[in-house]
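Feature annotations, courtesy of Swiss-Prot:
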ACT_SITE  2  active site, nucleophile
ACT_SITE  596  active site, for Fru-6P isomerization activity
DOMAIN    2-218  domain 'Glutamine amidotransferase type-2'
DOMAIN    284-423  domain 'SIS 1'
DOMAIN    453-591  domain 'SIS 2'
């Protein structure tokens with residue numbers, strides 16, 4: 001959600017900033033802009049819409065310089081337009097700012113300090129940059145003014161500030177919003193994500209909340225909230241830039257769907273010891289063993305993965321498990337058990353709602369485990385333990401390979417804990433995950449069939465329903481989410497038995513209903529639910545599993561262990577959703593109004 005880049009060094013900044021913003025497109029945005037400093041002049045280029053439009057405007061000018069900042073905006077305060085786009089400038093044009101996050105007290109600050117100031121935009125960001133000018137006019141240095149303003153802000157922010165009279169510095173601060181320092185020889189950068197600046201460096205330093213950072217081309221000074229200089233080691237971002245390219249695929253989403261077999265193999269390799277046994281850190285095992293209840297905290301697709309993980313944790317490991325939507329949990333925490341363990345699932349490791357819960361549970365002294373795709377992310381740093389997904393960069397807004405990776409890692413965790421508890425395993429998990437990998441490959445190879453299903457069932461519809469029972473119900477929720485995210489079809493997932501309690505009233509002639517039938521004990525029941533909607537005119541699409549199929553089923557997935565079917569059936573739903581959006585000529589990778597990493601609450 002939004003993205004920031006910045007460069008200070010020896011090279012011209014404009015092209016580096018534009019390329020950096022292009023690498024952040026996956027985060028979701030509705031406008032973009034850059035600001036470049038040369039001598040004592042700052043020039044701002046910004047446009048509503050895609051970065052391609054911004055590039056046209058920026059390339060039409062010869063102005064360039066060795067210092068600059070850039071921003072992709074996902075609207076929170078004010079509609080998407082040119083005036084509300086970042087960067088924002090102070091009234092005298094001296095200060096230029098980019099900001100990710102939400103300032104909760106901006107109206108109060110505006111009323112207290114900025115009476116009579118004329119504002120161009122509706123944003124909270126413009127209040128920040130006008131405050132810097134205000135305190136500068138009171139005689140404070142730029143660093144002092146910036147520090148003073150940051151101390152007044154309530155909410156989340158990642159900030160990058162330029163001063164036209166001090167072209168050798170970018171002033172930086174953050175709180176509850178991701179921002180990194182990139183380190184180079186004779187230059188330094190800032191970025192919301194290491195991917196943005198891999199073009200120039202792979203060496204990064206973390207910025208912690210409430211720190212003030214002075215970035216120059218040949219040094220970086222980090223100060224804590226008390227003004228003390230902080231020494232911090234750098235690390236190498238272990239990301240292959242080629243992993244973030246589409247390669248031969250038309251879209252990132254299609255590429256990432258096709259990568260799932262490789263991701264499964266990587267997970268099997270990473271969580272297996274030399275003797276071929278499952279392995280994770282013993283400290284994690286101990287904390288899970290000691291927990292009397294697990295609370296899974298997540299949002300969106302990660303929440304759906306958590307619902308599947310609950311099945312593993314309870315059925316295999318024997319640990320009572322609850323799955324909660326992060327944005328609700330933080331305001332409505334239930335009565336907790338005596339020895340809870342909190343498991344945070346987040347592809348990016350930056351989900352603001354989940355982080356808000358983690359902050360509260362850390363205050364209570366509860367143990368925590370993050371399952372994420374990004375080492376060094378906020379949730380990873382602030383939790384007691386981390387399990388990595390090893391899925392590689394996921395660029396498409398609609399999550400695919402992270403979902404299956406999350407489920408696979410949860411299955412491994414559950415089996416290891418089951419063994420520690422002395423519970424009999426009814427599954428050779430590594431062997432079964434290998435079967436899952438082969439099954440996913442078979443479905444990916446059947447992409448033309450999925451395209452035909454999408455055409456037959458979803459090309460013209462405005463509504464669709466996904467139904468399942470037991471673990472299939474959890475997958476139906478994810479299938480519906482994928483379809484609505486990228487095709488804009490109103491899609492909902494329901495437990496099969498709940499249709500008759502209200503939803504069946506929405507069924508009319510031709511309404512597509514996707515029924516998942518991969519569970520033997522409810523196979524007849526879910527098929528009965530399909531018959532109920534067919535009797536009312538629905539257009540049924542049944543996805544079943546080998547051994548449970550019936551004549552007339554639309555697609556049959558290869559046979560795998562019944563609790564691992566979500567890893568396989570969801571791939572069919574991902575492809576169907578992809579082709580439904582493709583045939584509607586929609587932007588599959590960057591659907592409207594959505595952001596990849598939701599970094600505001």
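Glycine is treated like the rest: Cβ placed from N, Cα and C.
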If you count the other CB atoms within 10 A of the CB of the residue listed as 'active site, nucleophile', including all protein chains displayed, you should get 28
What DSSP reports for the domain 'SIS 1' (284-423) is 64 helix, 28 strand, 48 coil
Counted with DSSP (H/G/I as helix, E/B as strand, rest coil), the domain 'SIS 2' (453-591) has 68 helix, 28 strand, 43 coil
